[in-house]
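As given in Swiss-Prot:
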| type | residues | note |
| --- | --- | --- |
| BINDING | 22, 23 | phosphoenolpyruvate binding site |
| BINDING | 93, 122, 123, 124, 125, 126, 164, 165, 166, 307, 329 | UDP-N-acetyl-alpha-D-glucosamine binding site |
| MOD_RES | 117 | 2-(S-cysteinyl)pyruvic acid O-phosphothioketal |
| ACT_SITE | 117 | active site, proton donor |
């Protein structure tokens, strides 16, 4: 099992190119199941979760290829299997997105109950109830969610009980081929939903309101091919901005969009960072200063993103002052804090709240990554700590950050990947 060895006390500065958003690329890849003609996708990151998704699509009968430029070419015209099997699905909860397009286009589909990050309850019941309201018959049997419908799904008004990005995407995909009109109320508003809707509309869907809490989908009989470029990854962008903020550095994030990160940029400025934005870049300069502590409360978009909570927890652990972090989206999402405490951080956890007391310096040690965003916070902690830090279970990072050690080295980090069996 691979690990990272990180040598600390680096000031991270330079320019970094931001990859395509994993959280947009995954639903878009599954949405390609709906198309009767070939689709070309660009700016698709090279990640473990993307590899798993492409394997699932191949299993279904989609012809998948990456050309010399890195573009992903998909032809779903001859899908002949309708099951996403356990051996592929077990590592990635996003695989539930295969179900909606299969049922919408082929009137049947089954997906093994998914895995992924172990950060609290992420039930698929909202996906299931949405498909049922569109007319699908669904049973949970032998570890699989099995769905079928005798004819086309039928549009209706669906109020999502709790704001859910995943369920919003599932219902939106399914409704594109349903008879009549579907209205999604209390829809999630994330930029990745807007990007998926843009992709579906390029294929001939009729979706309006994506990015608001009220999405309307006029069903069509078929979707055709298109070309689409995946939006930049706002969470990767925020992560590299944090890298500069905690190390007193200056980082320019290229090929990104500031308008998807308003809540994060506001908090970075509150922490004392100088942040400048252009149409396609964000520059953060700490001018060599230590950040100030900032209170964080996660919320659905356009609120503060839960996927940036771990990175800001690290910032607060090395900031001047005391801060309160409240996690409202997921249970069990403070697993990075005990590891940061082992590095000399000071914090107390009570329920969904953490109180962080800033310290001047962290110390390198061996730590264990528990989920995707927790793991990157530990790597960044290693970059600024004294001595050497070993980060174990970095397969979590490979699920969501493209070429992370190369990008960090480009900013001045001293980091290397090694196999656990190579350790002396």
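Every residue gets a Cβ built from N, Cα and C, even glycine.
All features noted in Swiss-Prot, drawn onto the structure.
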residue : record                                        : contacts (Cβ under 8 Å, 6+ apart)
22      : phosphoenolpyruvate binding site              : 45, 47, 49, 50, 233, 399, 400
23      : phosphoenolpyruvate binding site              : 165, 190, 192, 233, 235
125     : UDP-N-acetyl-alpha-D-glucosamine binding site : none
164     : UDP-N-acetyl-alpha-D-glucosamine binding site : 126, 188
329     : UDP-N-acetyl-alpha-D-glucosamine binding site : 298, 299, 300, 306
Collapsed DSSP category at residue 125 (UDP-N-acetyl-alpha-D-glucosamine binding site): helix
Neighbouring C-beta atoms (10 Å sphere around the C-beta of residue 93 (UDP-N-acetyl-alpha-D-glucosamine binding site)): 18
